[in-house]
Structures are given as C-alpha cells and as structure tokens.
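What TrEMBL records for this protein:
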type	residues	note
TRANSMEM	7-29	transmembrane segment
DOMAIN	27-315	domain 'FAE'
ACT_SITE	CYS170	active site
ACT_SITE	HIS249	active site
DOMAIN	330-411	domain 'Beta-ketoacyl-[acyl-carrier-protein] synthase III C-terminal'
ACT_SITE	HIS332	active site
ACT_SITE	HIS336	active site
ACT_SITE	HIS365	active site
ACT_SITE	ASN369	active site
Amino acid sequence: MDSSSPFINILPQVASACVIVAVFTYYFFKPKCIYLIDFSCYQPPDFLRAPVSNFIEHLTISGVFDKESLDLQQKILERSGISDDASVPVTVHEIPPNSSLSAAREETHEILFTVVEDLFLKHKIDPMSIDILVSNCSLFCPSPSITSIIINRFGMRSNIKSFSLSGMGCSAGLLSINLVKDLMKIHGGSMALVLSMEAVSPNGYRGKCKSMLIANTIFRMGGAAILLSNREQDKHKAKYKLQHLIRTHVGSDNESYESVMQQIDEEGNVGVALSKQLVKVASKALKINVVELGPRVLPYSEQLKYIVSFIKRKWGMQKEVYTPNFKKAFEHFCIHAGGRAIIEGVEKHLKLEKEDVEASRSTLHRYGNTSSSSLWYELQYLEAKGRMKKGDRVWQIGFGSGFKANTAVWKCISEIDSKDRNAWSDRIHLYPVCGDASSALEA
C-alpha cells in the first residue's frame, strides 16, 4: 500500500476546514457598512426669525455696545449672506439677551427634543433600540451631559453607550460620525443616534474686540439628529451608505491653532475670536485632507494628471500643480456654511462652479451658520430640490477649531422623494436666491 495514502485521504477534510475558517474569518473581520437611515434638521418657528434690521435695533437698545462696535456688526451682517429668515433662540430676543444656564438648557431642549421626536415618529423607532448615542455641542457643556438629557427625556436603556463631545468646533458633526463608525467596528448589529448643534444663548460676546464681534453676527439657531445603523436588515430602508471619512488636524501649527479660539478680552468678556487667516488655514487643512482622500475617490486619469503636474512643478516646468476635477468623483458638494468667505474659498480652491456650492450658499442664507449641523441642512436642501438620485455620491466638507478639516463621502442607495417634508419644504421654491445673497439683503 502507498504510504502517502493516509495523507491523501484527509486532504478533503483539511480543505473543508480551511474553507470554513476562511469564510468565518471573512465574515467576522470584513468591514461593516455604515448606513444612514435618515436624519432630521430643526426648523425654527417663524416668530424666532431675526431680521437684520431687528437684530441691529436689538443690539442698539441693549446698550452693551458703543457706536463703533454697532457699526461694525451692522456692516458684517449686511455682507454676511444671511437672510431675514435665520433665527435665534427666544432667550436671545429678550432685552437684554438671556445668557443664563437655564436659557442654554431651554434652547438645547427645544432643538434636540424636536429633531429626535421627529426622527423617532417618522420611522417608528423605539428609544430602547438605540445602542449608541453621541452628541456634539462645542461651547455648551452642561452637567448632566447632553446625552444624559436625551436618555432621560426618551427613556433609553441603561447599557446604552453614550458620548458627549465638546470644544470640537463646527466640524464635530463628522467627528461624531467617525466615533460611531469606530464603535460599530466592535459592536455589530447596532443602531446609533448622533446629535449635532451649537447653543447660541450663552455665547454672545459683549465687548469691543473686532475679531470676537464677528461670531455675534453669523451664528444662528439650528441642530440635527442622524440615525445610523450597521445592521443588514436596515439596508433596504437606509438613504445613504458611508464610503469614506477622513480627519485632518493641523493644530501643531500655531497659526492654525489660534485661528478660531474662545478667549477673554482685556475687559474680561468671553467670546470666540476669528482670525483674519481663517480662510488660509482652512485651505491648508483641506489640501492635506484632499491628498489623503483623492486616491480613494478620483479616477486614475485625474490622479495621473495630478502626478504629472506635480513632477513638472518640481522640475520648474510649470508654476501650479493641477487641481483634480472632483466632479468626476462626486455629484454633490456640501461645504460647511461657516460664512461667505469659507464657501468662496473652497469653491476657488477646488475650482467648483456656482451651482456646485448652491446648497451651501442657500443654507447660509436661510439658516445662517448653525455650526456642525449645517452640512445636514445642505443635504436636505439637495433632497428637497429633487437632485439626489440613487447612486449619487455627496462630499461633505467640515471645518472646525483646532484647526480641523473633516470630510465624509456618502453614496445614495435609495430613491429620495423630494416631497418628503423637511426643513426646506416651505421655502424651497424660493431658492436659489437670484444673484448674490448679500445683494438680496441690501435690496
């Protein structure tokens, strides 16, 4: 008898065992898809609108500011690209504005309770089914935390994994998504709720420092709730699938670190100072982010053009490196509505067209700078306009103090009904605003 026959006889069993191990390993370690089931954005009632004329009158009557400070704020407001529809909390309408802890809590409750209830009712979500809860609010950090407020209000279960992020700036919304993404690598079959907002009530600046007065004029009331899942059974009802999320932090550079900073002026007033170098810093951070994201999303033809131009520049054969055409990678762009200069800076840096940044400009016009939630108002704008189609890819670009540039790429995986009611439904027919938004304000 052939001495090798016993080995030959066990080959099928060994092969079967290897296949089973391979299948198990693939299933256990394969990347889990993150699905965005739906999201809700807060729509303030009309009585909270803050028309520019009323805003200036309110600042004047409050008696806090001297004429120079008032004139500066009026000038910024008139050029901000923010319309009379943008709103502030009821406590800010008071004279003088109420910046107390109770006012901040009231604003937080109004925004987050509304968007969470809207999301839960629309999809018949049991609060007990939420496995992960993440909130981000940069300048308002109460105790108990914002996530504890939500857990208490909606009766969520005791073993929920909750995280409250603060001090992370306007890009914290995508940081929260990234945190959920990392948690879901470990916790399979989970559903997560992300809450993004900024409290306006406690953060008004009452001094004379020009760089700190800007924040008074651009920040407005808003917030969003985002429902995520890595459960396969939720794929059929999800709107989007997360494809990429890239984080960039350039805080090691002093100019970047100091570009957006909460500080105290010479008279002891607390406020957020915005540097004149902010647009430059944002462009630098975005460039670093794009270098990492580009190879993952751009077609090879665009990557080759970039490499060739980079080499030519090194050899002194041309002055500028080729800017890839990102419209070959994405159908839609959502740029943080932090201000006209930020939107225009990114538009120029990426060589986009006016229509590519329409969602961002319209969000700034209608809602103002709502901090980390602005990206979600922009995505809702695209949905309300009927532009989001199945298979489309959207690039969200967020900026925040630190300084950070965070970007996310989502792919639409369902048919979006533009008639579904959202924060744009009542006025979507008025957009885009003809001509420049600031001109519309001055008219």
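Heads up, the Cβ atoms here are built off N, Cα and C, so glycines get one too.
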*Cβ neighbour count (within 10 Å, all chains shown) around HIS332 (active site)*: 22
_Rounded to a whole angstrom, what is the C-alpha distance between HIS332 (active site) and HIS365 (active site)?_
19
*Give the residue counts of the domain 'Beta-ketoacyl-[acyl-carrier-protein] synthase III C-terminal' (330-411) per reduced DSSP state, in the order helix, strand, coil.*
38 helix, 21 strand, 23 coil
*ASN369 (active site) to HIS336 (active site) - Cα separation in whole Å*: 8
*Count the Cβ atoms, other than its own, that fall within 10 Å of the Cβ of HIS336 (active site), considering every protein chain shown.*
31
*Could you check which of the active-site residues (CYS170, HIS249, HIS336) sits closest to HIS365 (active site), going Cα to Cα?*
HIS336
_Alpha-carbon distance [CYS170 (active site); HIS249 (active site)] in Å_ = 13
*asked:* Neighbour count, 10 Å Cβ-Cβ cut-off, for HIS365 (active site): what number do you get?
replied: 25
*What residue among the active-site residues CYS170, HIS249, ASN369 has the most other CB atoms lying within 10 A of its CB?*
CYS170
